[in-house]
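Asks: Handing you this structure, nothing more for now.
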Amino acid sequence: SDLDHLFSSLHPKPEGLVLQYGTAGFRTKAKHLDHIMFRMGLLATLRSKQTKATIGVMVTASHNPEEDNGVKLIDPMGEMLKPLWESYATQLANAEQGDLLPTLKDVINKEAIDMNQEANVFVGKDTRSSSAILSQAVLDGVSALSGHNYGLVTTPQLHYMVCCQNTQGKYGEATVEGYYRKLSKAFIQLTKNASNRTDDQKHLCVDGANGIGALKVREMESHLQRELQISLFNDGSKGKLNHQCGADFVKVQQKPPTGIKVSPGERCCSFDGDADRIVYYFTDSDGTFHLLDGDKMATLISTFLKELLTQVGLDLKIAVVQTAYANGSSTHYLEDTMKVLPVRCTKTGVKHLHHAAQEFDIGVYFEANGHGTVLFSQAAEEKIQQLLEDSNINDKQKRAALLLQNTVNIINQTVGDAISDMLLIEAILAIKGMTVQQWDAIYRDLPNRQLKVKVSDRRVIDTTDAERRAVSPAGLQEAIDSTVKKYTQARSFVRPSGTEDVVRVYTEADTQENADALAHEVSLAVFKLAGGVGDEPKPMK
């Protein structure tokens with residue numbers, strides 16, 4: 001009865017509110033989330049008892065506006081929550097107040113959870129004004145058991161610390177300081193291989209999206225011993241989270257964050273609100289904006305790794321994992337020029353990419369939006385380690401093996417991490433003596449366009465072949481195929497949004513004009529065949 005009382009009075013659920021645990025956990029207006037947070041604290045505690053391991057709970061809505069918030073659970077190895085438990089999360093979130101206890105007991109019985117097993121939950125939050133009170137609601141759910149509140153951290157830092165804790169420190173020390181030390185040490189070791197860098201080359205402009213990433217870059221700076229000299233913009237002191245800044249703004253608007261003055265050719269990057277995504281960019285002397293997105297980062301990183309493997313003579317299988325949104329030019333470059341085979345394409349969503357990357361010795365995965373990392377199999381890490389202990393290798397092999405070892409250490413293998421990806425890219429550019437312009441020139445992106453078409457029910461669209469072909473409604477794929485044939489170097493696909501009743505359209509072609517015209521034609525086909533609502537799509541200006 002104590003439990004009954006606890007559940008009825010604390011963090012009550014508004015009647016009739018229904019939310020779905022999606023790719024990014026729960027995400028909606030902060031004012032609707034109090035009961036969800038409390039219940040996710042309960043669920044994380046059960047998951048911890050069931051796995052006999054530490055579970056993470058991150059309070060963030062990433063790149064969404066400041067008034068939103070959200071919550072996602074982190075499984076023992078720092079990965080995303082298992083799908084079965086996503087469905088428990090949805091059931092628990094939507095149970096009306098009186099059904100909460102029975103729903104909870106149902107999970108306990110189904111999973112045969114020993115309630116005497118100790119639980120350990122790490123809770124982290126971003127800088128949103130609502131995050132403090134919402135993370136407290138999570139802790140209320142956990143506090144009956146044994147939670148661990150990490151306070152303000154980036155999402156990837158919490159993933160990292162959960163993994164450190166559950167590998168008994170093999171992956172690193174489960175503190176923010178431990179994270180800074182491991183990554184900085186690797187960065188400093190890597191940049192020792194770069195010849196006479198000037199202060200100009202060590203300089204980088206960072207847009208912190210007025211979020212947690214900005215605070216953490218500041219904390220980390222002293223560890224980098226001026227090997228990286230950062231000018232930090234949108235540090236949260238006056239601007240609003242993700243407003244006119246951040247990785248999403250820069251990628252979608254194809255321009256630098258509002259109010260940032262950068263000199264032509266200056267290297268810049270933007271984090272998103274919880275610092276698990278990053279994009280690079282620069283403006284050239286005639287004012288043209290150049291974006292270096294996830295595809296360009298994956299290309300730079302995989303090329304670097306492939307060269308090191310060749311130098312050291314290790315026969316490891318390296319692959320790049322992309323989604324259908326990857327620019328066609330990047331795929332051609334990797335397959336034809338670099339011969340980094342295979343290039344795998346998966347459905348949109350980090351968990352699909354992560355899963356596919358695990359099939360290789362070294363799996364580099366990035367979404368075009370800038371979320372990505374590199375996974376090394378245990379066998380790959382062991383082989384690199386053995387090489388370093390081998391007295392028969394020559395100096396060139398030894399240098400390459402050391403570079404590989406430090407690259408493994410600089411990467412956060414649990415999840416995409418803006419700070420880790422930034423340090424890796426800065427190190428690679430330094431070692432190769434490359435400017436951002438030279439990096440950008442590796443291949444030229446095909447002009448592309450993304451549009452949304454409102455439909456009455458997004459479920460009428462069903463896709464196959466990693467979302468590159470539509471199976472239903474009847475006739476849609478045929479219509480897309482015949483339209484695409486009219487253009488040069490053209491490609492298009494459509495997929496239902498994961499979050500709203502819209503269909504997302506992607507096109508690319510030899511010119512922006514053609515990509516836009518193709519996007520309009522495909523949007524019309526979707527509108528007509530998939531139950532469009534409102535006005536039919538108009539041609540682009």
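Heads up, the Cβ atoms here are built off N, Cα and C, so glycines get one too.
TrEMBL entries are annotated by machine, without manual review.
TrEMBL lists 49-83 with the feature domain 'Alpha-D-phosphohexomutase alpha/beta/alpha'. Per TrEMBL, active site, phosphoserine intermediate is recorded for Ser62. Residues annotated as Mg(2+) binding site in TrEMBL: Ser62, Asp272, Asp274, Asp276. Residues annotated as domain 'Phosphoacetylglucosamine mutase AMG1' in TrEMBL: 175-279, 293-433. For Glu367, Ala368, Asn369, Arg495, Pro496, Ser497, Gly498, Thr499, Arg504, the entry in TrEMBL reads substrate binding site. Annotated domain 'Alpha-D-phosphohexomutase C-terminal' per TrEMBL: 471-523, in sequence order.
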Asks: If you count other CB atoms within 10 A of each CB, which of Ser62, Asn369 wins among these recorded positions?
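Replies: Of the recorded positions Ser62, Asn369, the most buried by Cβ count within 10 Å is Ser62.
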Asks: What is the separation, in Å, between the Cα atoms of Arg504 (substrate binding site) and Ser62 (active site, phosphoserine intermediate)?
Replies: 21
Asks: Suppose the Mg(2+) site is Ser62, Asp272, Asp274, Asp276. Which further residues of the same chain have a Cβ inside 8 angstroms of that site's Cβ centroid?
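Replies: So the additional residues around the site are Thr60, His63, Asp126, Thr154, Thr155, Gly211, Phe271, Gly273, Ala275, Arg277, His371, Ala418.
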Asks: Out of Ser62, Asp272, Asp274, the recorded positions in the record, which is closest to Gly498 (substrate binding site) when you go by Cα distance?
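Replies: Given the candidates Ser62, Asp272, Asp274, the nearest one is Ser62.
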Asks: Of all the binding-site residues here, Asp276, Glu367, which one's CB has the most other CB atoms within 10 A?
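Replies: That would be Asp276, with the most Cβ atoms nearby.
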Asks: Going along the chain, which residues six or more apart from Asp272 (Mg(2+) binding site) have their CB under 8 A from its CB?
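Replies: Expected: Ser62, His63, Ala209, Gly211, Gly213, Asn242, Gly246, Ala247, Asp248, Ile278, Gly370, Ala418.
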Asks: Can you tell me the CA-to-CA distance separating Asp276 (Mg(2+) binding site) and Asn369 (substrate binding site), as a whole number of Å?
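Replies: Cα-Cα, rounded: 11 Å.
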Asks: CB neighbours of Gly498 (substrate binding site) within 10 A?
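Replies: There are 13 of them.
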Asks: What Cα-Cα separation, expressed in whole Å, is found between Asn369 (substrate binding site) and Asp274 (Mg(2+) binding site)?
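Replies: Rounded to the nearest whole number, the Cα-Cα distance is 14 Å.
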Asks: Could you round the CA separation between Asp274 (Mg(2+) binding site) and Pro496 (substrate binding site) to a whole angstrom and send it over?
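Replies: Just about 25 Å between their Cα atoms.
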Asks: Averaged over the whole of the domain 'Phosphoacetylglucosamine mutase AMG1' (293-433), what is the pLDDT?
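Replies: On average, pLDDT over the domain 'Phosphoacetylglucosamine mutase AMG1' (293-433) sits at 95.
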Asks: What is the Cβ neighbour count of Asp274 (Mg(2+) binding site) at a 10 Å cut-off, with all protein chains included?
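Replies: The answer is 33.
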Asks: If you skip the near sequence neighbours and keep only those at least six away, which residues in the chain come within under 8 angstroms of Pro496 (substrate binding site), Cβ to Cβ?
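Replies: Sequence-distant Cβ neighbours: Arg458, Arg459, Ile461, Thr463, Val502, Val503, Arg504.
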